[in-house]
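These notes are about the structure you will find just below.
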Amino acid sequence: MIGKHCILELCECNSVKLDDEAFIRTTIQMASKVAGAQLLNLITHKFVPQGVTGLALLAESHISIHTWPESGYAAVDVFTCGDQTMPDKACQLLVEELQSKRHSLKTLRRDTPVMISNALIN
């Protein structure tokens, strides 16, 4: 396995937190740490009149979050490579910190074409 790609839909979140760029930035830093990932770079952007996007470049891949405070919604991707990281823990932290009352998590296993072919043969 190359890694895990978690796709997280956060609904009914705290709209004030969703619109707070500093809070989103700190929360992404916390998520990368709890996942056991190494944060290389982090950029955020505050939109007018509302919304924040944050992108974290990890040594193991990335975390992205896009918020819509007016809808109480955030779209999150957490992709980590290798067996040592825990993207599901990052997702759980994001659910808790953004106070999501309802969420959906899909986890995809990422493999190389050779690994996929071998799995189909076996």
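All residue numbers here begin at 1 and follow the chain in the order shown.
Cβ atoms here come from the backbone N, Cα and C positions, even for glycine.
Copied from Swiss-Prot, the annotated features are:
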- S61: active site, schiff-base intermediate with substrate (ACT_SITE)
- H66: active site, proton acceptor (ACT_SITE)
- C81: active site, proton donor (ACT_SITE)
- S61: pyruvic acid (Ser) (MOD_RES)
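Between the C-alpha atoms of S61 (active site, schiff-base intermediate with substrate) and the residue listed as 'active site, proton donor', the distance comes to 6 Å. A separation of roughly 22 Å, to the nearest angstrom, links the Cα atoms of C81 (active site, proton donor) and H66 (active site, proton acceptor). Counted within 10 Å of its Cβ, the other Cβ atoms near C81 (active site, proton donor) come to 18, all protein chains included.
Under 8 Å, Cβ to Cβ, and six or more positions away along its own chain, H66 (active site, proton acceptor) finds G51, V52, T53, A74, A75, V76. DSSP assigns C81 (active site, proton donor) to a strand. The 10 Å shell around the Cβ of S61 (active site, schiff-base intermediate with substrate) contains 21 further Cβ atoms across the protein chains shown.
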